[in-house]
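Enquirer: Right, I'll just put the structure down here and ask away after.
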Amino acid sequence: MAHVITRINAREILDSRGNPTVEVDLETNLGIFRAAVPSGASTGIYEALELRDNDKSRYLGKGVQKAIKNINEIIAPKLIGMNCTEQKKIDNLMVEELDGSKNEWGWSKSKLGANAILAISMAVCRAGAAANKVSLYKYLAQLAGKKSDQMVLPVPCLNVINGGSHAGNKLSFQEFMIVPVGAPSFKEALRYGAEVYHTLKSEIKKKYGIDATNVGDEGGFAPNILNANEALDLLVTAIKSAGYEGKVKIAMDVAASEFYNSENKTYDLDFKTPNNDKSLVKTGAQLVDLYIDLVKKYPIVSIEDPFDQDDWENYAKLTAAIGKDVQIVGDDLLVTNPTRITKALEKNACNALPLKVNQIGSITEAIEACLLSQKNNWGVMVSHRSGETEDVFIADLVVALRTGQIKTGAPCRSERNAKYNQLLRIEESLGNNAVFAGEKFRLQLN
């Protein structure tokens, strides 16, 4: 029996930062299937276009009524009557025909908006899973050509200290994460992470005062830390105090494009201070040396966005220097885009992809980006955005694609824990068929 789409309705809802985003209800004979899309704070210039209204009289210009209108008036009439199990056909129709906008890196979604297209793409996936009478993660595995008899539960990368564009402190690096690779299961990994998180909170309160334990957009703390060493020392202390030394490692998201000066090709590690300390302005080569020193001193297993999104040369230098032992993740560099992934492969610029579905704008393209990365023995980290919703799609996606790692914030704030809680449910439902990535999080079963 064909399960055709009978109705599509889009609406404007609020994300976790209080900004509007797109939610879609898609109806078939089996029911209503809902999806909501996230948005990022530090976005790469090569990401697919997130369509905003720019009407300053509503939501300070951040409304998404244009994207809603595009769904209800342009996309919906074309999709009604189509079979919800035709994921690739529907995604291609939206991306290539109904939108059709392109740039040098591929389909840009600048006409209809990646937020409009992705919301429908996710809802179609949920409807397709129901039509096939399987869970969403099993259906996504089928779409990706993965075997569905053995699923991999990811290591959670929990963002517990915030800096950069996510915080009001002086810290230039954006995220410091704890990575419980030594746990025997996802359930235990989450427990390790939560215990380290609460221990860290106590350490911060003791050292910086109670005000320093307020949480940021992703649930992490933003104490008045001045540099990366101070943040890393705090994490090492918290991990040790919680009893998980050796079992919980550290990851960083530097988001270096946020403090890169393209005119003189330098990185300002004091970019949040009006009269910055000139000794903290570094060349790319100096930054390479800084990362190498940090990796020697601390149990760092992953560094994301260590350089600007166009600084291919220093990416390649760092990957050559420490890539064997440390995951070098290209976020703003790659923006989940297969064309940019191909360029990075040619240049040996990095060795891991952060998979953010809203950077590319459709589930079909996101799966393609993941498979291309895995085929070339890269790590793949499925990732949230700083502006999230209660939608848990990425939890099913990470299990389906067997990437072995997920980044979706601290074990705090409901829009973050919603994803972790969904992973607990999936692990429980899989029983003995669940494999936890653990120490092998970089290269999982493909």
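Cβ atoms here come from the backbone N, Cα and C positions, even for glycine.
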Enquirer: Could you tell me which of the ranges 19-24, 25-30, 277-282 is annotated in Swiss-Prot as motif 'DKSLVK motif'?
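Expert: Among 19-24, 25-30, 277-282, the range Swiss-Prot annotates as motif 'DKSLVK motif' is 277-282.
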Enquirer: From the ranges 104-108, 229-233, 244-248, 409-413, pick the one that Swiss-Prot records as motif 'Pentapeptide insert'.
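Expert: Comparing 104-108, 229-233, 244-248, 409-413 with Swiss-Prot, motif 'Pentapeptide insert' matches 104-108.
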Enquirer: Per Swiss-Prot, which of D149, D325, D331 sits in the substrate site along with H166, E175, E304, S383, H384, R385, S386, K407?
Expert: D331
Enquirer: The Mg(2+) 2 site in Swiss-Prot lists E304, D331. Which one of D253, D391, D396 belongs there according to the record?
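Expert: Of D253, D391, D396, D253 joins E304, D331 in the Mg(2+) 2 site that Swiss-Prot records.
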Enquirer: What is the total of other Cβ atoms whose distance to the Cβ of E304 (Mg(2+) 2 binding site) is within 10 Å?
Expert: 28
Enquirer: Rounded to the nearest Å, what's the C-alpha distance separating K356 (active site, proton acceptor) and K133 (N6-acetyllysine)? Just drop the number here, would you?
Expert: 27
Enquirer: Have a look at the modified residues K133, Y139, K375 and say which one has the shortest Cα distance to D253 (Mg(2+) 2 binding site).
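Expert: Closest candidate to D253 (Mg(2+) 2 binding site), judged by Cα separation, is K375.
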Enquirer: For a three-state summary based on DSSP, what are the helix, strand and coil counts in the motif 'DKSLVK motif' (277-282)?
Expert: 3 helix, 2 strand, 1 coil
Enquirer: Can you name the recorded positions among E304, D331, T339, K375 whose CA is within 10 A of the CA of K133 (N6-acetyllysine)?
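Expert: Those near K133 (N6-acetyllysine) - Cα within 10 Å - do not exist; the answer is none.
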